[in-house]
Amino acid sequence: MENQTTVTEFILLGLSSDPQLQMLLFFVFLVIYLITLAGNTVIMLVIQADSHLHTPMYFFLFHLSSVDLCYSSAIVPKMLVNLLAMHKTISVNACFTQMFFICFSASCEAFMLSAMAYDRYAAICDPLHYVGTMNKRVCRQLVGGSWTMGLMYSLVNTVPILNLNFCGPNEIGHFSCELPPLLTLSCTETLINKITLLSSIVVLAVITFLLVLISYIQIISTILRIRSAEGRHKAFSTCSSHLIVVGLLYTTALFQYMKPSSISSVILDQVVSIQYSILTPMLNPIIYSLKNKEVKIALGRLLKKNNKEIKVPTHVKKEQF
């Protein structure tokens, strides 16, 4: 160990070494990032500005958009810089910081989606007691619990890696500092880190997936008992957006961690990572705005209000200017 050099920076190999392809990827991911920023910011502004959306479902959606902004911003800006840079380096401290926010955002999103599933369960399966069940205190506890569990998951996996030594090689076969590729570069024993990572992922997946699964089993069972087709459609439409988002996240995550080792590859892992860490934060506000009439109506009201405020009357007398 005394003859080995301590690594001060890592090299992110990224998606491609072809300059032309890198330029194309830069514009593609720049557009994706701008859409992510605009979509989630608009969702948050509309929910905050329109009193009709001050309900538990949109309270959770507001915080989900916050998580998506954090998730995308932890990865994409550095990724865009590296697509244009000759030397795709990141300092050790910056790498650990990025890894912290990736773990934090991913776990927080999983818990937030579980809280939203419980909200839909309360709204559809027990509508008469919904207001009492999902009061402000409960909603704040669920959101606070999601942020807290995300923070704990991130700290559990980030703090132990600070004690590892990295002596080289320092090339990460990825576009971001995710924990599994980092562990392979350590020149010290990482068995405890791997056990901690696997255990925390299992706990996170089991808790969040079971909460979502149990909620939707009850929801589907309740919807099927509704006699009228119109009633079933109305009940299902209230949770269809959330179901699509959950399906995208868990389908990708299950494929990533349950796929056979025979089909595992660096390229495939990167494609899957792009889906749940970059595309999902972009798709979430689009899905919720397209599938949700209340959001579209609220956005229309907000635009009309702004147009009225900036409109200058044509009959104003000249003396007033």
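Each residue's number is its place along the chain shown, starting with 1.
Cβ from N, Cα, C; glycine included.
Annotated domain 'G-protein coupled receptors family 1 profile' per TrEMBL: 39-288, in sequence order.
The transmembrane segment feature in TrEMBL is assigned to 23-46 (among others).
If you look up TrEMBL, you'll see 58-76 (among others) marked as transmembrane segment. Long-range Cβ contacts of the transmembrane segment (58-76) within its own chain (Cβ-Cβ under 8 Å, at least 6 residues beyond either end) map to 29, 32-33, 36-37, 40-41, 43-44, 47-48, 98, 101-102, 104-106, 108-109, 112-113, 115-116, 119, 139, 142-143, 146-147, 150, 175-176, 277-278, 280-282, 284-285, 288, 294.
Here TrEMBL flags 96-118 (among others) as transmembrane segment.
Per TrEMBL, the feature transmembrane segment maps to 138-156 (among others). Listed as Cβ neighbours of the transmembrane segment (138-156) (distance under 8 Å, sequence separation of 6 or more from its ends, same chain) are residues 56, 59-60, 63, 67, 100-101, 103-105, 107-109, 111-112, 114-115, 118-119, 196, 200, 204.
If one looks beyond the transmembrane segment (201-224) by at least 6 residues along the same chain, the residues whose Cβ comes under 8 Å of a Cβ in the stretch are 107, 110-111, 113-114, 117-118, 120-121, 124-125, 153, 232, 235-236, 239, 243, 246, 250, 253, 257. Feature annotation from TrEMBL assigns transmembrane segment to 201-224 (among others).
Here the transmembrane segment (23-46) has Cβ contacts under 8 Å with residues 15-16, 53, 61-62, 65-66, 68-69, 72, 76-77, 79-80, 83-84, 278-279, 281-282, 284-286, 288-289, 295, 298-299, 302 of the same chain, all six or more residues outside its ends. Confidence across the domain 'G-protein coupled receptors family 1 profile' (39-288), taken as the mean pLDDT and rounded to a whole number, stands at 86.
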